[in-house]
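Q: Okay, here's the structure, questions in a sec.
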Amino acid sequence: MTDVPDKPSAPSATGAPGASSSPSAPGAPSATGAPGASSSPSAPGAPSATGAPGTPSAPGAPTATGAPGSSRAAGALPARALDRRGAILGVATAGAAAVVGTAIHAWNGASHGGATGSGRTTEATVTVKGMRFVPDTIDVASGDRLVITLENTGDQVHDLVLAGGATTGRVAAGASARLDAGVITGPVEGWCSIAGHRAQGMVLRITADGRATGAAQPSQAATGHGGHGGHGAAADGPSATPNREAPLPEGFTPFDAALAPAPAGTVHQHTLTVTEVPSAYVGAGVTQTRWTFNGTAPGPVLRGKVGDTFEITLVNNGSMSHSIDFHAGIVSPDAVMRSINPGESLVYSFTAEHAGIWLYHCSTAPMSVHLASGMHGAVIIDPDGLAGVDREYVLIQSEIYLGPEGGVTDADKVAAKAPDLMCFNGAAFQYALQPLKARPGERVRFWVMDAGPSLPTSFHVVGLQFDTVFFEGAYQLGGPDGVGRSWRGGSQALGLQPAQGGFVEAVVPAVGSYAVVTHAFADMEKGAMAILKASE
Ligand SMILES: [Cu+2]
C-alpha cells in the first residue's frame, strides 16, 4: 500500500533569480570570447540593468554596465554579453530545464580618477574548493584590465561579486562564468554573495602591484559587508527589529501543530520541493526570505511506523544548491545527501528501523544557515504499542537570525549563535497569539524536536507534570512498561540538544491557559512559547 504523495507537483523550470549565468552541465566548457570586444557600449554612468530575475541574457545582448554610483572612467571598456545558451541541464524527473547563459558584467570600480589604464588585459581563472576561492588572491599590474573566469569546481552554486557590484551571477556546480573587473589601480575585494558563503571564507582579493592594503578607493571603502550589489544577496540595510507585542498579521495562518495519525500503508511517497519564499512571516512583526521544503518552515511533518519505507523525491526549485538529510533513515550519505543544483532532483529512500521523532534538514554548506533559514522538518516514527491520546501536537523549536526586513538569514549571527527570535514551528509567538486547544481531563501528547541549528531546549508546560516521557528512542517514564510507576516519578521538562527529540504527555486538570515554553527563559522571551488553552 502506498500513501498518496502529498505534493505530486510538476515543478516549473526556474532560473536562478537574478542570475545571468544559469546552471550548466558539469564539465561544460567555460565560456570563451574575446574579452574587451564590445558590441554595445553603454553610456557613462548608466544605471545597472542586469537581466530580469530568471531571464537569461539574450544572445548578443549587452549586459549590465556600471554599478550604481560608480562612474565609468575614460578607457574603461563596456560590457558585452557572451551567451552560450544551449547547454541544457535537463532533469527529466523534475521536468525542469535551465538555460545556460554566461555574461560578462563589466564594472570599472577600480578605474577612478580618470585612470586610463595600461591598455593591457590580464586574464585570471579562479576555481572553488569547498568554501574557498582558489587562488584567493589575484595580483595584477596597476592599470591593467582584469577579466576573471570563475570555474565553479565546487559542489554547489556560487557566484563572484566584486566591491562595486560586478558579478558573475549565479554559477552552477560544474559551470563557469566570466567577469570583467575593469582597470585595476588598487585593492579590490570580492566574495560569494550566497548567504553564509562570505562568512565561511569565500573571499577573493585583487591587488595591484602587490599592494593588498592602502588607499582603498571610495566605492570600495564604502562597501560594507553583506554582499552589496550581489544578485540574490540580502538587501542591504540594518537587521529587522522584532516587536514582541506585534499581533499576527492579517491572513497569516500558523503552521498546523495538530498531528494526524500515521497514514495507513507501509510505503510513504512524498515530494519535497525546495523553494525560497520571500516575505515569510517569522513572528514579532518581521518577514524574511525563508528557504523551505514545500513552502513552509518547518517543512511537512512525515509520519509512519517502524518498518515503513519512505520514498522521497527532492526537487530543487531554489536559486542555489540544496540537499536533504533524513535522520530517520540509516543510509550511506554520499549519493542521497548530495547537494543538487537548481532544477535538479533526486530520490532518497529509507526504511524506518527505529522509533522516534527524527530531524530532517538541508545539508548544504553552511548547514547552520540553511537550517536556520527554514530548511528543517521532522519525521515521526511511532514506537510499537503507542497508546492513543485525546490530542497530539508537534512543536519543533528553531532559531531565527534576522537579516533586514524581507531579507535572508544573517550568517554572522548564526555563527555567533545569537538569534533574534526563537520559535515553535517557524514563527515566534504564533501559538501564544493563536493558542493550541484542549479540554479539561484530556491527555495531551506533545512531540518535541529541537531543530536548532545550535541551541537546546528545555520543554516545559506551566502548571502540568509529565507522566510519560519518551526521549530519543526510549521511555523515561510511562509507556507500555509503566516506567517510573513503582517510584511515582514525574517530569517537569524535556531537555533536548539540537537534533534530539521525543514526546511528553500530561493530563490537563482544569480550564485554564497553560504556557508551553522552553524553560531557557531568554529563549522563551524571544518567542519559543505557546499557550495551551483549556476550555469546556
Ligand atoms: Cu539548503
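Every residue gets a Cβ built from N, Cα and C, even glycine.
Annotations in TrEMBL come from automatic prediction, not curation.
In case it's useful when we look at the structure, here is the feature table from TrEMBL:
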- His322, His327, His361, Cys362, His370, Met375, His519: Cu cation binding site (BINDING)
- 9-71: compositional bias 'Low complexity' (COMPBIAS)
- 284-383: domain 'Plastocyanin-like' (DOMAIN)
- 1-76: region 'Disordered' (REGION)
- 211-257: region 'Disordered' (REGION)
Q: Near ligand 1, which of the binding-site residues His322, Cys362, His370, Met375, His519 have CB less than 6 Å from any of its atoms?
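A: Listed by sequence, the hits are His322, Cys362, His370, Met375.
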Q: Going by DSSP, give the three-state secondary structure for His361 (Cu cation binding site).
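A: The residue in question, His361 (Cu cation binding site), is strand (DSSP, three-state).
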Q: Tell me the Cβ contacts of His519 (Cu cation binding site) under 8 Å, same chain only and six or more apart in sequence, or just say none.
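A: When sequence neighbours closer than 6 are ignored, His519 (Cu cation binding site) has Ser458, Phe459, His460, Ala493 within Cβ distance under 8 Å.
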Q: What count of other C-beta atoms do you get within 10 angstroms of the C-beta of His370 (Cu cation binding site), across all chains shown?
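A: That number is 27.
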Q: What number of additional C-beta atoms lies within 10 angstroms of the C-beta atom of His361 (Cu cation binding site)?
A: 26
Q: Going by a 10 angstroms cut-off between Cβ atoms, which of the binding-site residues His322, His327 has the sparsest surroundings?
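A: Taking His322, His327 as the binding-site residues, the minimal 10 Å Cβ count falls on His327.
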Q: For Cys362 (Cu cation binding site), list the number of other Cβ atoms lying within 10 Å of its Cβ atom.
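A: So the number of other Cβ atoms within 10 Å of Cys362 (Cu cation binding site) is 28.
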Q: Residues with Cβ closer than 8 Å to the Cβ of Met375 (Cu cation binding site), same chain and 6+ apart in sequence?
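A: Set apart from Met375 (Cu cation binding site) by at least 6 residues yet with Cβ under 8 Å, we have Val274, Trp291, Thr292, Phe293, Ala297, Gly299, His322, His361, Cys362.
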Q: Averaged over the domain 'Plastocyanin-like' (284-383), what pLDDT does the prediction give?
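A: Residues in the domain 'Plastocyanin-like' (284-383) carry a mean pLDDT of 98 in this prediction.
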Q: Where does His322 (Cu cation binding site) sit in DSSP terms: helix, strand, or coil?
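A: The residue in question, His322 (Cu cation binding site), is strand (DSSP, three-state).
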